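Feature annotations, courtesy of TrEMBL:
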| type | residues | note |
| --- | --- | --- |
| DOMAIN | A:99-306 | domain 'ABC transmembrane type-1' |
| REGION | A:1-35 | region 'Disordered' |
| TRANSMEM | A:47-68 | transmembrane segment |
| TRANSMEM | A:98-124 | transmembrane segment |
| TRANSMEM | A:136-160 | transmembrane segment |
| TRANSMEM | A:166-184 | transmembrane segment |
| TRANSMEM | A:213-234 | transmembrane segment |
| TRANSMEM | A:284-305 | transmembrane segment |
Amino acid sequence: MSTSITAPAGRPAPSRGSSTSQTEAPRPITGKSISVGRRVRNTTATVLVGLAVLVAAVPLAFVLVYVVSKGGGVFNLAFLTESIPISSRRAGPGMGPAVAGTLLITGAATLMAVPLGILAAVYLNEYGQANRLAAAIRFLSDVMAGVPSIVMGLFIYTVWVLRFGMSGFAGALALACLMLPIVIRSTEGVLRLVPRDLREASTALGARTSRTILTVVIPAALPGITSGCLLAVARAAGETAPLLFTIGTVRALNPNLFEGTNTALSAQIFVNAQLPFVAAQNRAWGAALTLILLVLLLTIIARIISARFTVR
Amino acid sequence: MSDTQTTLLNTPNTAPEVRNPAELPADAGEPVFEVSDLDFFYGSFRALRDVNLGIGRRRVTALIGPSGCGKSTFLRCLNRMNDLIPGTRVDGRIAYHGQDLYGQGVDPIEVRRQIGMVFQKPNPFPKSIYDNVAFGPKVNGLKPKSMDDLVEESLRRAALWDEVKDKLKQSAFSLSGGQQQRLCIARAIAVRPDVILMDEPCSALDPIATIRIEELMVELKQDYTIVIVTHNMQQAARVSDVTAFFTAEVDDAGHRTGVLVEADATSALFTSPKDQRTDDYITGRFG
Ligand SMILES: Nc1ncnc2c1ncn2[C@@H]1O[C@H](COP(=O)(O)OP(=O)(O)OP(=O)(O)O)[C@@H](O)[C@H]1O
Ligand SMILES: [Mg+2]
């Protein structure tokens with residue numbers, strides 16, 4: 001009777017040794033039972049992986065420390081808001097027009113690329129699936145993601161700037177072209193992760209595909225979509241090459257994106273770093289620090305949003 | 001008995017040769033579904049062959065059979081869920097209250113509104129408990145006098161109200177697996193369907209949650225027609241009025257195709273099966 005309780009049929013007793021195993025001392029489960037060879041291999045692997053992490057992190061840390069030490073001297077609130085001195089030789093703030101330009105141009109690019117990219121991704125994942133058009137779009141967006149940003153700038157230069165002249169909007173177009181493939185591929189990846197269960201549950205309740213996408217799939221994927229889009233924004237905010245042909249690099253603030261040349265932080269870094277004046281070079285470092293902080297801010301926002309809206 | 005069978009199978013506009021007529025008990029009731037000569041294909045793979053079955057109103061019909069014999073496939077034919085899978089094809093006829101379910105002009109959305117489904121794995125939306133239940137009515141444009149009342153009533157019917165009434169705004173994922181499954185049932189009930197299809201609704205649940213859902217089914221059949229797939233023969237015996245036994249036949253080329261072996265009143269099928277394969281299966285000599 002008692003044996004039938006203590007020895008359930010589904011779980012055979014460990015077959016180590018003979019029937020006397022009941023009185024045998026339990027095998028140790030402490031680290032000493034691990035062989036020397038295995039411990040050596042373990043330590044070596046740990047050290048190697050640690051070194052690799054260090055090697056990867058050092059340049060990053062170096063860039064960060066260097067930019068902060070060089071740009072920290074000029075960075076303050078006035079630097080963010082004051083206009084750029086007429087004379088590059090003169091020390092002092094600021095980079096206001098460039099900060100405004102970066103925010104406006106990147107914002108406009110985001111307004112164009114994000115809705116378009118999300119719609120394209122919804123088409124690819126929800127409607128297109130394996131059809132030829134979807135395959136073609138996927139292929140093209142991969143190619144587009146690989147196009148160097150300077151080529152994208154040249155492209156907008158020929159199709160837009162030659163006809164309508166330089167403007168903040170032309171720069172936004174170039175940045176949007178760079179962002180679009182990133183938004184498409186990251187959003188499509190996130191949409192693919194939404195479980196089929198959820199779509200089926202919604203469909204089984206009588207929801208149309210469009211309704212299912214809007215009320216179930218996109219809300220479920222929102223954290224991932226948001227962080228993907230913000231990464232694309234961060235990438236665009238730092239681009240220089242496509243802006244040089246499209247917005248020009250003026251000093252004055254130009255809040256009108258559709259008329260006249262404009263400026264941005266990245267463009268100002270490019271220009272000022274080449275000037276022979278220490279004051280201008282310092283402003284370039286300050287602009288670099290501003291840009292890094294801006295991207296950092298966006299990344300943190302992306303993290304918070306993904307954490308906040310993930311329902312578990 | 002043969003009378004019932006004839007009315008169930010000789011549907012208008014079709015005169016298919018009934019090769020494998022399903023045995024149905026005299027009390028099968030007024031038919032909701034009349035399936036005749038149903039073949040189902042995933043691409044070129046034939047998953048079901050010649051299924052003939054009537055499903056009675058306000059009855060629990062259980063589908064049993066070994067894994068891979070096409071029970072889920074059959075169930076998903078009944079509310080056109082298989083439409084979502086590209087490359088699938090239906091041959092034969094499924095009449096729903098006399099109308100061809102796959103006929104021209106039939107709106108699969110309307111079909112699924114009337115024929116609800118509960119899945120094997122609880123699949124609540126990542127929304128609050130309240131929003132889960134309210135989702136169906138909202139999507140279907142139902143305008144109840146009070147959505148709160150509809151939510152409460154649906155949760156009550158699913159025997160979940162008492163457990164969640166104080167946390168309706170909390171995420172559905174905060175519920176246990178059994179509670180989530182009852183939430184899914186409440187969600188299906190909220191659109192006031194005519195039929196509820198359940199694909200192994202208890203397979204992820206413990207015995208107590210299982211019993212609760214079984215009790216629920218017995219109660220729901222006062223108002224709903226229920227079709228349930230189950231691997232648990234005791235469960236089929238406990239809850240169902242009619243049981244249909246499917247199996248997979250292997251042809252010369254080695255293709256496995258699901259067929260309906262027999263369908264009968266549950267008590268009759270379990271005590272005196274007419275087919276040897278049914279007998280083997282329910283006595284555990286198969287699968
Ligand atoms: N989406 C699909 N595409 C192709 N073949 C499928 C698909 N779904 C199911 N099948 C095949 O159809 C057959 C029947 O599958 P089905 O899921 O209906 O079986 P089942 O009786 O529900 O099995 P189980 O009891 O394991 O759930 C199986 O051979 C399966 O491989
Ligand atoms: Mg199944």
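Cβ atoms are placed via backbone N, Cα and C, with glycine included.
The transmembrane segment (A:166-184) is not in contact with the transmembrane segment (A:284-305), judged by fewer than 3 CB-CB distances under 8 Å for residue pairs 6 or more apart in sequence.
Two recorded stretches are said to be in contact when at least 3 C-beta pairs lie under 8 angstroms, sequence spacing 6 or more; the transmembrane segment (A:47-68) and the transmembrane segment (A:284-305) meet this definition. Through the fold, the transmembrane segment (A:98-124) approaches residues 80-81, 84, 134, 137-138, 141, 168-169, 171-177, 179-185, 187-188, 191, 213, 218, 225, 229, 232-233, 236-237, 243, 247, 253-255, 257, 262-268, 287, 290-291, 294 of its own chain, all at least 6 residues removed from its boundaries and within a Cβ separation under 8 Å.
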